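Written below as structure tokens is the structure these notes are about.
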């Protein structure tokens, strides 16, 4: 029954029942974690063959001695595999070390210090400051980069086919201080939304007041399907070039959630001008990436189909966990109508919206009973969710029994926070004080 249809007395009685359920959670002495989208040990085990590669044969197919310096672009064979997966030409893709987030950080830093290919000056010299558009809910570590660098962040609502492009077009057309936008175009974090072709076309084609506006295209979940189908990649570089804005997209990806989260390979894609620009400055801090690690990945995968087959093994582990979360949330929260949640077809997260004004309270209640959940508001710039309703759930790391207990407990906390808030708002002013 919807909470809206309850009398004050019924709401008070329901609140008392949720208090009893919460007290039972307190007695369980839980220690459960839903915070980060980390691969489980079972998933990491899928890649253990990497630990014995490349063995004594340290040369790649081109004859490069991977043990030595050099090779800033990365190994051609591995670049070819991920160029196919990402829909990018090989010359437009370079392979780096383990962290695509590091690439993003460096490119923002390089832009601040030196300016980009189309920049009239270094961003740090812009008198009116720098602004970034941030689709919300979004990736907290993206927002941490721009916040650390003193870049103003503007939230953009996320729709079913991507961010609100009407609003984006309106903003970028008149404000030259808007230099970039964070994007996760496939199976977004945490929304699960995949940008439509039309959304991508408009983003690369739109007129911007800043000549050096950039799309930070974080394709972190390009092959991370929860079904048996892989998403079709939109050729963002090709569309941008056709629109006359070849330098607009910076494309990022990595194997962090494909092989070893701390020992994978990152990728940066862009126009040939952007590739040369990046390497010009990256070459000052490193003489080349870890090519031995790239070689082991090349041999482990073999080709793009090898990556796809590997990801279907991940899918077999992850899909039941995501289905379990949806099942528990449906059982516990559907009738009350105080929450909604995504059921993504890929990626690593579920976005849960609870009763507005109760997300922080829900997370605090969960923490007090030993259920760790990502901080409420983390998916928004400056950690400020204006509606205080969004909670990110990461199902990948816990075991299935722990995941069930954690989500069930989180649902109890959401229900308790909702009845508590409704009573305190005076929507049931005649209800007894049961707090």
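Placement of Cβ uses the backbone N, Cα and C atoms for every residue, glycine included.
Positions annotated as pyridoxal 5'-phosphate binding site by Swiss-Prot, on the basis of experimental evidence: 69, 100, 101, 189, 221, 254, 255, 256. For the recorded site, residue 100 (pyridoxal 5'-phosphate binding site), the DSSP three-state label reads helix.
Of all Cβ atoms in the protein chains displayed, 14 besides its own lie within 10 Å of the Cβ of residue 141 (substrate binding site). Residue 141 (substrate binding site) falls within a helical segment according to DSSP. If you look up Swiss-Prot, you'll see 139, 140, 141, 392 marked as substrate binding site.
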Note = binding-site residues near residue 141 (substrate binding site): from 100, 221, 256, Cα within 10 Å gives none
Query = What's the CA to CA span in angstrom from residue 100 (pyridoxal 5'-phosphate binding site) over to residue 392 (substrate binding site)?
reply = 21
Ask   = Where the record says 139, 140, 141, 392 bind substrate, what is the longest distance in Å from one Cα to another among those residues?
value = 13
